[in-house]
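Notes follow the structure.
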Amino acid sequence: MMMCDGKHSKGIPLCGAAGRVCREHIQFEPMMIKHFYLLPPGVCNLLNPAAIYANNEISLGDVEIYGFDYDYTLAQYSNLLHSMIFNTARDILIEQFKYPEGLGKYDYIPGFAIRGLHYDVQKSLLMKIDAFHYVQLGTAYRGLKPVPDEEVIELYGGTQHIPLYQMSDFYGKGPSLKQFMDIFSLPEMTLLSSVIDYFITHGIEFDQVHLYKDISDAIKDVHVKGVMYKWIEKDMEKYILHGDEIYAVLNRLVNHNKKLFLITNSPFSFVDKGMKHMVGKNWRDLFDMVIVQADKPNFFTDRRKPFRKLDDKGSLQWDKISQLEKGKIYKEGNLFDFLRLTGWRGSKVLYFGDHLYSDLADLMLRHGWRTGAIVPELETEIRIINTEQYMHSLTWQQALTGLLERMQMYQDAESKQVLLEWMKERQEIRSLTKNLFNPQFGSIFRTFHNPTYFSRRLVRFSDIYMASISCLLNYDVNFTFYPRRTPLQHEAPLWMDQLCTGCMKTPFLEEMVHIR
């Protein structure tokens, strides 16, 4: 075996004499790169959690009308609510659906699940899927325990890929897969996993379809029967966050002659109490229109339900609606009548909501409104991205990827062993990076490197996205948001390799020409 001559190609541990990956220098030079070359000073804390991020160019100066959802858009709720939803739905299963009393020992697990996960009803699998319909290995759970990667691949016919017809329809509900897209689904996913864990642990057979439906119905009862509304109304200081900022946002828009409207699925009495708490008793003076119990997303697609007027006490009126009056409260209705009666069409309307399907998808794709997604998780994720640990992990991962890409043409035994070690280290770093966000499922925005299915929908259905409505206070009312020109893959050598991997650039053409 030829000895190393110490001549390395462009900072890469490749011996000129041996024509192979240099094992003698493999520990030295990558570590130098890892600690000294790859992470420029001051690179952390580059992202602002209170910023607004643009998927599409939009000028607020062109927006004349602002629309809002209520729950998790205007009203942000404390995570304490999740435990109460979980406990109440669990008790409904035991008391009304006659599920085993042993389920009462299960409590809500904060941070177990994340938004955007898919659940395969027939296989009882909760998992994260990327934008290309591939399951991220290591993120598939049956009950509260991870399913081995080999079993996941076997379950889907020898692949990680989920066929399109199984994935979901326009609203995230496929023939056998359900996507959990709203924040209220966090306790539902945890309850689903807990019940399955109990049945598996105790060797109890169960019907997957019935179990999923029972849990969905129990969770729905907490909302539909008004249990959750009563908790919030009883202690708004405890459950509603950032109320004073909401008043500042709405008042500022009105002072700049913007029209405001509210479309929510929640009942009037609940919205009225919450808005009085956040904005004040005269909150309705700020809005040109308020629509409650709208039944979104059907409100955006179904023409059959007419509007009904409510009086100041929330009682139904019987008169036919021929116009929508400022300061009045309306129930149900549909978007087609809304457009006809208001004339509010196209890009002069900007609507904010937290549910990508129920709030935003139809408005952007079918009606041409501009849309803003409220993603509360964004604040926590950006704070993690800004940590030195994350930046070091990501940068070294990029460097290893560059090394693997460049050195894969060397096929001697020693080079192959080095490449295997790099691949192992890369996988370890990817897992470490995932765990920074969530030990079970990682980030809601990314799998190991691809965008998640949630991210794909976020980009498709929202012009802008932010952690909360209060982020609007950081921008002028005529501000124009410009999306960053992120690279396509054929543009990547001009961008990320130079920024993230220093000397670890895409393979030089002259060194790759022989493998073409």
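Cβ atoms are placed via backbone N, Cα and C, with glycine included.
Features as listed in TrEMBL:
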| type | residues | note |
| --- | --- | --- |
| ACT_SITE | Asp69 | active site, nucleophile |
| BINDING | Asp69, Asp354 | Mg(2+) binding site |
| ACT_SITE | Asp71 | active site, proton donor |
| BINDING | Asp71 | GMP binding site |
Just jot down the residues in the same chain as Asp69 (active site, nucleophile), at least 6 apart in sequence, with C-beta under 8 A of its C-beta; none if empty.
-> Leu262, Ile263, Thr264, Lys296, Tyr351, Phe352, Gly353, Asp354, His355, Asp359, Ile374
Report the same-chain neighbours of Asp71 (active site, proton donor): residues 6+ apart in sequence with Cβ closer than 8 Å to its Cβ, ordered by sequence.
-> Tyr77, Phe184, Thr264, Asn265, Ser266, Asp354
For Asp354 (Mg(2+) binding site), list the number of other Cβ atoms lying within 10 Å of its Cβ atom.
-> 23
